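The next block holds one structure in the form of structure tokens; read it before the comments.
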Amino acid sequence: MLNDNNNLNGTMPTASPMDSSTSYDMNGHNNNNGQQQDGGEINNDVVATNGESSAHRKVVKLDKTNQEIVRLIGQHLKNIGLERSAEALMQESGCCLEHPSATKFRKHVLSGDWTKADHDLQELQTMVDPKADRAGMSEMKFLLLEQKYLEFLEEGRPIDALHVLRNELTPLQHNTPRVHQLSSYMMCTNNQELYQRANWDGKGVKSRTRLMDRLQSYLPATVMLPPRRLRTLLAQSVEMQTERCQCHDMAWSTNIDNVSLLVDHNCSSEGFPMQALHVLNDHSDEVWFCKFSPNGLRLATGSKDNTVIVWEVDPVKLILKNKRTFDGHTYGVSFIAWSPDSKYFIVCGPEDCPDLWIWDVEQEKLITKVSHSTDDSLTCAAFNKDGTRFVTGGTRGQFYLVDLDGTVHDNWEGVRVNGLAFRSDNKTILAADTHYRIRGYSFDNPRTDYNVVQEQCPIMTFSVNSADRLALLNISSQGLHLWDLQDKCLVRRFQGVTQGNYTIYSCFGGVNESFVASGSEDNKVYIWHIRREEPLATLVGHTRTVNCVSWNPVYPSLLASASDDGTVRIWGPKQPQLAWAASSNNGDSASIASTSSTASSSSTASSASSGTNNDLISNSSWNIT
């Protein structure tokens, strides 16, 4: 095995665990097993680093895995400045942090001895597969010469720099565009210009350490570990645990520096809507729609009984109070849209309804009733981002751009829509139509329209997240689909929900909209993490189809669901100290059936525990490992 016992000053180095008289396997492990290569005897009276005689110290034989772990720990100790601890670890384990030739190479690079570094590189080349890594070795030599060239320029030695450029870099015939770029640095008038143009830190430890990090990536790990390998592995572990965290907050950019490495990463389910807090039964017929206001302080619910009830939300006590009932909607209420300032809301009816109502919730009065034509079908609406206009339409072939006073500003003919949304640019309108697609429309001059989403089955409803990037689509006979509006691609098909031909509304929600929820024809509410197809939780309690769900946009611990059973359920965090009398009075239950994600290696979550009161679920029924 090649070694060079001369350091840069020409003196002999001190004894180390990587002495050239010792042979090493490709994992850097001492192969002598305690025997001297010249046949001499081992001096068993050598004192160990802890003061004990090595004769009394048990020899530990390490397998391949443990050897690699020791090397990783040793490298990390050296990186954080614990040189003596690293040396002691290598001595006691009989391992070597890296190949002795690699150690020489590192020393010569960091000291800027480019001649010796080039010689070391030739030695290392014998340990690399020439066929697989020929380009890698050329790149390593190129990087060495590039650093050498830049340092000559910084030192004001243009002749030497030109020599490197012409006689060493150019003959390599490697990365010719970069060679041309390097040649242009000869024209730099000062070092600051050189640093800026070359994106270089100048001669010194910092730039040479960065160079060494790049060089290490081209060498086999058995010869020289990749830079900061242990830290890289830990970072990968944190990333994997984040992916598996069922309740993970998407806005929390977890990394090795802001989580504890002593325990697995696991976002708490505290505050998550897992329990039915209230059952609102003020409606006298099926409840078709529910929607929290943008400020989170009101909930509007619409019913087949022709009324809208607006509820006041107490975000501290997590209770809702009936504020006012708005009636007179002769066809029933199947859709509600809030203005961005939470002051107004629009009410739409089912397919045969030609009318639309705009209510002022603060003054509790009707602003206007829009009835453009008896042949219209105004079943959906959406406010623009500043709340000055809205768009409305239906399945009879048109949609309109309307001012708040009911004046039709513009219209688009020939489009049978069953869902509308304004984009963040406040100009483009998304419309789901009867051709199983969502298209973008702009009323600018000239008018433009383009395809965004194409499905294979009817799009019953859709909603767009606050970032205006993702869309949730409830697809007839297919279930719930997640689309990327920018890339125009299907991202995920959520599992579990039962979706036939009923109109069911889903929503984004939770902390930073990291979750999605949907009603279902099997009388349940399903919740998913936005990254996973399998349900995170199933909320049980309704006795008929759940038509709509709405997640409070400001207080994410509250979720509302509306059902054909005539009730609205408010789901909130578990509160075992509360005795929910409504359950014992009407016999209803609100249990949670948790399911483990297929993306996680966690065991199957336990189902909701049975008992006389199924509304209070113990923490053991929520598996978020």
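Numbers here mean position along the shown chain, with the first residue as 1.
Every residue gets a Cβ built from N, Cα and C, even glycine.
Quick look at what TrEMBL annotates:
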{"type": "COMPBIAS", "residues": "1-25", "note": "compositional bias 'Polar residues'"}
{"type": "REGION", "residues": "1-47", "note": "region 'Disordered'"}
{"type": "COMPBIAS", "residues": "27-44", "note": "compositional bias 'Low complexity'"}
{"type": "DOMAIN", "residues": "98-160", "note": "domain 'CTLH'"}
{"type": "REPEAT", "residues": "280-321", "note": "repeat 'WD'"}
{"type": "REPEAT", "residues": "512-538", "note": "repeat 'WD'"}
{"type": "REPEAT", "residues": "539-571", "note": "repeat 'WD'"}
{"type": "COMPBIAS", "residues": "591-610", "note": "compositional bias 'Low complexity'"}
{"type": "REGION", "residues": "591-613", "note": "region 'Disordered'"}
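Averaged over the repeat 'WD' (280-321), the predicted model reaches a pLDDT of 96. Across the range of the repeat 'WD' (280-321), the DSSP-based residue counts are 0 helix, 23 strand, 19 coil.
Residues of the repeat 'WD' (512-538) grouped by DSSP class, helix first, strand second and coil last, total 2 helix, 12 strand, 13 coil.
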